[in-house]
Amino acid sequence: MRKVHLFLVLVHFIYISTSRSDSISERDILLQFKGSISDDPYNSLASWVSDGDLCNSFNGITCNPQGFVDKIVLWNTSLAGTLAPGLSNLKFIRVLNLFGNRFTGNLPLDYFKLQTLWTINVSSNALSGPIPEFISELSSLRFLDLSKNGFTGEIPVSLFKFCDKTKFVSLAHNNIFGSIPASIVNCNNLVGFDFSYNNLKGVLPPRICDIPVLEYISVRNNLLSGDVSEEIQKCQRLILVDLGSNLFHGLAPFAVLTFKNITYFNVSWNRFGGEIGEIVDCSESLEFLDASSNELTGRIPTGVMGCKSLKLLDLESNKLNGSIPGSIGKMESLSVIRLGNNSIDGVIPRDIGSLEFLQVLNLHNLNLIGEVPEDISNCRVLLELDVSGNDLEGKISKKLLNLTNIKILDLHRNRLNGSIPPELGNLSKVQFLDLSQNSLSGPIPSSLGSLNTLTHFNVSYNNLSGVIPPVPMIQAFGSSAFSNNPFLCGDPLVTPCNSRGAAAKSRNSDALSISVIIVIIAAAVILFGVCIVLALNLRARKRRKDEEILTVETTPLASSIDSSGVIIGKLVLFSKNLPSKYEDWEAGTKALLDKENIIGMGSIGSVYRASFEGGVSIAVKKLETLGRIRNQEEFEQEIGRLGGLQHPNLSSFQGYYFSSTMQLILSEFVPNGSLYDNLHLRIFPGTSSSYGNTDLNWHRRFQIALGTAKALSFLHNDCKPAILHLNVKSTNILLDERYEAKLSDYGLEKFLPVMDSFGLTKKFHNAVGYIAPELAQQSLRASEKCDVYSYGVVLLELVTGRKPVESPSENQVLILRDYVRDLLETGSASDCFDRRLREFEENELIQVMKLGLLCTSENPLKRPSMAEVVQVLESIRNGFGS
């Protein structure tokens, strides 16, 4: 018995000695890991010292009862460096959590030894390369998170080889392509997976709902397709399903809304159609319902109003009709309602005012009538109220001014009347205020000058009168924000306040006495008589010497002269370098009758080259359509605001001409033609090339891409309000003598042909390959991201030398974006390159190609801004883009 006791003591001693020995060894392993760290900005590893207590003093380290490293948790510490292979010698580690750092490279192959690992979380780092296949050998793994890195390639089929214990997998926010392996259905204990924000194609794996405990499915922002309604409805345990921003079609799986545990349901930005259908017994757990940007039809089912816990309801941009259910006011938890861009009619339910937690109410572009209910003023935490594009009438209720937290107030394009309440100036947090295209009258309250947070302001197209308040904050929005108010005057309008009786219309003006009125009338009669005499004298002189009295506001175009020979057109020049004599314009404008001087034909008219003595040339666009422009004043307002814009990559406006029979836009002549001509013209002038301009090397193409991006960034960010192009294409990118880009036709969106019921007019057809999906679908919420999409197509043109849409054969159509994406996903990126290119860095072309694909993402939210595009291009050129 004594021998047995001694034996046990000896074994215990040996075990303790071994533990201490291994513990010392693990300390060295961790110190080696520390040595591989190139930057530790928060000194997170300062406690990792050679004489420190591994289990008690090493920050982020947890040991098991035996003294071995059990967990490494160093999250959000911004550590930089590579992952040390030596960690593979930690024999008992279960958790490796390095979330929120800056590690580069890939997971070392040696990590296949970590058979005890339960958790790998390296999310939000800068790791790259393919997803390591050895992960499939880690049979104890429960939790795998590789999200928000730069992993590429396909998901290894073997990843789900030994996944009996796996509960959660996230590969979100990477550059993964290919399909979702069908083997994922073998993971019987998988609770959820997140593959969102990648480039995955194909369908959801069949029998995905055979996984008995599946609760979370997120595949947002991919290229997945197919009909999912029947399969998804079998996942009875679902808590979250996010299928947003894909290409799914058929019926949306709305039956999921009745599942007991469902809290989050997103099927937005797909191609789902049909009716929502009646929702019986909506889940009391449901908080988020987003089915926006699909092709849903029918009415909003009243069953949706039974979702008592719902916080967000977004059915925007569908084809829904009927009215807004009055019972929506009983959904007491709602904080966001978005129903805009549908065919919904009726009135705005008053009971919406009982939603005390409502923050966003967006009902734009519907067919609503009646008034904006005063009850909405009870929604005291409301941040956004957008009821634009309806048929609402009545006055702007002063009670709405109780919405002191409001940031977006958009009432434009309705039939509102009355005056602008001065109390609007109390909305100190408002950033977006649009009252345009109504029937508002009276003066603009000076109190609006106190709105210091405004980034958008517009009161155009009303019946406002009086003097625009001389407040820089208001005047900074330019004349377009005040245009088409017949009795409004003062800066920034060109209408002085001593003309047209504008100032006299102000309600703030003092009442005039009868005697003063009599004096004014008498003076006016005398002045009128003097004007008549002067006019007669001027007319007589004009007949004697017509050519001597021509000013820069008249021009003798043949089509604009009436039967008496009187010139009736108006010419305005923005440039002092252009000739202003009668003879010069008479000779120069004869080119408009000569087809040999046509240098381009676009969506809104033909472009001619007009030349003058002394070698001066300008481009003259002869408009064939005025789009949404209704009269001369509106024409001059639109062109006038563009005359002062100056940027090295913009083709500057030189002036305009307007008559009842002809409208011209004068702009800078750029000698090397358009980018389209240089890329695609079969016989390019001045070269021996049979296809395009061989002088357009990659260096020049890159500079064209960068210059165009800078021009668009200027229009979007430096112009107040922002100027949208909405017609970006290679024919509107001109090249000067040094092949620098000059963007033309900017700010002319109102002149574009109006979209018809089939999408686009025939004249606009040649731009179809450039049009963003939301614009082609006639979404009235055009944004800067529409220009980003078109610009992305131009990037792909520059890299490939191909047109946006080509027909290689009679029954075949090649869409450039899809063509490039397919080749990139199959690892054949170099097959996309324009074969005429020589002396280029392959990686640079690939980076630009990827940027083009990012810019042409289906979802506008996934596209970068033009300012970000400029930064990316500059980093690519400086060698940091790879």
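Any Cβ shown, glycine's included, is placed from N, Cα and C.
Per Swiss-Prot, the annotated N-linked glycosylation site among residues ASN402, ASN649 corresponds to ASN402. A separation of roughly 32 Å, to the nearest angstrom, links the Cα atoms of ASN463 (N-linked glycosylation site) and GLY605 (ATP binding site).
Around ASN266 (N-linked glycosylation site), the same-chain residues six or more apart in sequence whose CB sits under 8 Å from its CB are ARG220, VAL241, ASP242, LEU243, GLY244, PHE288, ASP290, listed in sequence order. Geometry remark: ASN458 (N-linked glycosylation site) versus ILE599 (ATP binding site), CA distance 37 Å. Put plainly, the glycosylation sites ASN261, ASN321, ASN341, ASN417, ASN458 were compared by Cβ crowding within 10 Å, and the winner is ASN341. Note: the stretches the repeat 'LRR 7' (237-258) and the repeat 'LRR 9' (285-308) are in contact (3+ CB pairs below 8 A, sequence gap of 6 or more). Mapped onto three states, the DSSP output places ASN402 (N-linked glycosylation site) in helix. Counting other Cβ atoms within 10 Å of each Cβ, the lowest count among the binding-site residues ILE599, MET601, VAL607 belongs to MET601.
Within 10 Å of the C-beta of ASN463 (N-linked glycosylation site) there are 16 other C-beta atoms, taking all protein chains into account. The Cβ of ASN426 (N-linked glycosylation site) lies under 8 Å from the Cβ of LEU401, THR404, SER447, each of which sits 6+ residues away along the same chain.
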